[in-house]
């Protein structure tokens, strides 16, 4: 009898098939995921497939058009081809009703990226009716150039790669490492999304079980606000690799056991020992891969989660000391609840309850308020600032501020629009005041707003490629009347990012002036920064002063504690404690701030 296949780099922990109880708990998990609206209806899937078929037709039309313009022989054009691939949640099979489709167009070598951006937008417009495309935003100047579009109600992230081949055959296999030869870094980034996703699926023993478990883990991470590598948490690919590794260790298990063991194993993993799905592959390609021996920066990574395709990279390189502490606490909570679900028949819904970031987790917060006078300018500016939030976190961690236990960034920003009737009101709005917020425009989190340029600016800056300056194209229209006087009202667009500050018990002061100053200077040092157009303001706020729009229905807002009778605490008076935040380089609202001694 042939021995069973070993999945991954070690022998499995357990090879037992699921018990009847496992299957019953699995049915309950799937039912809860459906109740949470985690699965798309079949009509959505059919529509996505129709859109992808349409894109393939347009790609091949573009390949032919470019080839004819460049004078290629008809014999070459007849076999030139062109293929459409997907990656991310859609390719993994864990997408939801509102998920976008990450899509890669691959063309032969005679089609360049410039050809793609020059021709494809017009092809898309010409091939659709006026109501079929509701968004089409080409963005060239980022690490992974992209066209963001919504066609037939399907959100598409469209990227492009040109391989060093004269033809791209039907159903081409991108797993061949030799396809990377001759590609520039941008093309490699584009191709590797699909290569990594396909390889993950190849390395799990049961794809259906993997998908159920990954849906549960992703929903948990999103509800607990620990999802998103831009601010220092694992992203979708990282969570997929972690779940895949657990599937390898329990190759015959049902999804609920995979979820339970996910929490158990990852909480106890010997970090920074990396998680990987296969042994390192030998290659003659001279590509930089994750290597803590050769690269000092890689050695500093706290939770390495490595991609299984060449070049192997760390998908969790933004995790810092504070976010790792938060992750460990959430993994412990998840393990406790998953055990209760198994042992005491608690409902799966308890695992997916909303976080308590604003309601109970912290008494003190840092607010990073970004503002601009036009929507386009704010999208790029706020995205750039968001990509640098992790540097503020690590700056505070490394500043020697003994009062700080951890700095926990919330994984979304809050977009607001303000209508101001004077320069004074504009200044207040830029500094974080909500007194002039437009009544008819609701606050949205950055994921709800789906600000294309904000998301792309954040991701690109995180990859080390900042969006270029706009040469004035984002400047507001002239808002002066015929008499030269300013016309009012005028809009101010703001995005606020919140960071919870965990203070050491008994802390009486906080000196983080240097990291705050460095962070602000790093942001305003962007080549596209315009002091007349952009602004950034960093403030301290107590939990009872958090604005109402950061809470959801049913949440209980913190209340101001009753003032103590004594005017001093251990010899430190109110004014002294208030100055502790001013010295820290953080603005303090004179009418709102309470003394830091009350935090203990």
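Any Cβ shown, glycine's included, is placed from N, Cα and C.
What TrEMBL says about this protein:
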BINDING   100, 102  Mg(2+) 1 binding site
BINDING   100, 102, 157  Mg(2+) 2 binding site
BINDING   100, 101, 102, 157, 218, 227, 236, 237  ATP binding site
DOMAIN    8-204  domain 'Poly(A) polymerase nucleotidyltransferase'
DOMAIN    210-353  domain 'Poly(A) polymerase central'
DOMAIN    356-559  domain 'Poly(A) polymerase RNA-binding'
REGION    1-21  region 'Disordered'
REGION    559-578  region 'Disordered'
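Feature annotations (TrEMBL) mapped to structure.
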residue: 100; record: Mg(2+) 1 binding site; Cβ neighbours (10 Å): 18
residue: 101; record: ATP binding site; Cβ neighbours (10 Å): 21
residue: 102; record: Mg(2+) 1 binding site; Cβ neighbours (10 Å): 24
residue: 157; record: Mg(2+) 2 binding site; Cβ neighbours (10 Å): 22
residue: 218; record: ATP binding site; Cβ neighbours (10 Å): 22
residue: 227; record: ATP binding site; Cβ neighbours (10 Å): 22
residue: 236; record: ATP binding site; Cβ neighbours (10 Å): 21
residue: 237; record: ATP binding site; Cβ neighbours (10 Å): 22
Rounded Cα separation (Å) that holds between residue 101 (ATP binding site) and residue 157 (Mg(2+) 2 binding site): 6
Mg(2+) 2 site shell beyond 100, 102, 157, criterion: Cβ within 8 Å of Cβ centroid: 88, 90, 101, 103, 155, 156, 158
PLDDT averaged over every residue in the domain 'Poly(A) polymerase nucleotidyltransferase' (8-204): 95
Between residue 218 (ATP binding site) and residue 157 (Mg(2+) 2 binding site), the C-alpha gap once rounded to whole angstrom: 20
Helix, strand and coil residues within the domain 'Poly(A) polymerase central' (210-353) as assigned by DSSP: 75 helix, 4 strand, 65 coil
Integer Cα-Cα distance in angstrom, residue 227 (ATP binding site) to residue 100 (Mg(2+) 1 binding site): 17
Counts by DSSP class (helix H/G/I, strand E/B, coil) across the region 'Disordered' (1-21): 2 helix, 0 strand, 19 coil
Those binding-site residues, out of 100, 102, 236, 237, that come within 10 angstroms of residue 157 (Mg(2+) 2 binding site) at the Cα: 100, 102
